[in-house]
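Some notes on the structure that comes next.
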Amino acid sequence: MIETDRIISANTAQTNDENVIDKAIRPKTLAEYEGQPAVREQMEIFIQAAKARKDALDHTLIFGPPGLGKTTLSNIIANEMGVELKQTSGPVLEKAGDLAALLTNLEENDVLFIDEIHRLSPVVEEILYPAMEDYQLDIMIGEGPAARSIKIDLPPFTLVGATTRAGLLTSPLRDRFGIIQRLEFYSIDDLSKIVYRSAKLLNLDITTDGAMEIAKRSRGTPRIANRLLRRVRDYAQVKGSGVICFEIVDKALSMLKVDPVGFDHMDHRYLLTLMEKFAGGPVGLDTMSAALSEEKGTIEDVIEPYLIQQGYIMRTARGRIATLLAYNHFKLKIPDNLSADQQQTLSI
């Protein structure tokens, strides 16, 4: 089982049709942007101030889990500033010349968006430093003894960097961003508003409780919410009257094996293995990998993060431990003979 099989994974690659739909329903202004109230308020002030001064917005770093709207926010920044957005990603910029070509084509105050900025090569990153600080491009012409450095002046611009792994950014790069924003998982209320708005833009008939139920199963992530909405739309069209209500959502997502808290078959299999085969743990990663027939990297990077974040498991020095939430979720009896680690965990 791999992550691309999971409908509730924010990392799952989207089809061309899904990308077209996502662009159509993506908010274009801060007024349309639901959730992230602190980020929205701060960016509104920073953008208004920059526009009043006729300056480029400070370089902005946006980080957080996948699917929370980093690309959407970069588009909104460009729209609100009334400038063009040029998009690229860290892995694409292999050589200094790749970045130089982008930078020299920017107009005044334009926004350059680099997704996965933590994956920039060191050579490209070095070129970026003077561009961010002094709006200058420092490049070498020629080779050997005849090589010389030339400086190219750049128009003022805004670099917006996005990453899911801010800890992998080098300090020199991170320190050059004047604005740093962290996107948090969305509340169910905010997600239900996003689902309702998307449904209306797609001309779908949806009830309030239908939108709320999709939101509850979306793991706090708009990308997942919009994907589930599209799948429920298909179910409502074929098996119902076309109206997306609570009953239709429940039947559609049950068919897709997405439970009321957003867990799928991989989450269920992991938790039940931990509780039923290993009495709740502690269990080492190697043992879980063998029991599930999954790669260790898949378990650590795909399955466990959401379970840990929601408090269903804990990682300890001795291994993985199921929490009281996990036992309650599956209505399982807590074993009588628990380890000291488990007793402490379940009493929290």
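Cβ coordinates come from backbone N, Cα and C, glycine included.
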Going by the ATP site in Swiss-Prot, where Ile25, Arg26, Gly67, Lys70, Thr71, Thr72, Glu133, Asp134, Tyr135, Tyr186, Arg223 are listed, which of the candidates Arg174, Arg176, Arg231, Arg233 is also part of it?
Arg176
Quiz question: given the binding-site residues Ile25, Thr71, Glu133, Tyr135, Arg315, which has the greatest number of C-beta atoms lying within 10 angstroms of its own C-beta?
Thr71
Quick check: in three-state DSSP terms, what is Gly67 (ATP binding site)?
coil
Around the C-beta of Arg320 (DNA binding site), how many further C-beta atoms are within 10 angstroms, looking at every protein chain?
23
Rounding to the nearest whole angstrom, report the longest C-alpha distance spanning Ile25, Arg26, Gly67, Lys70, Thr71, Thr72, Glu133, Asp134, Tyr135, Arg176, Tyr186, Arg223, listed for ATP.
37
Roughly how many angstrom lie between the C-alpha atoms of Tyr186 (ATP binding site) and Arg315 (DNA binding site)?
24
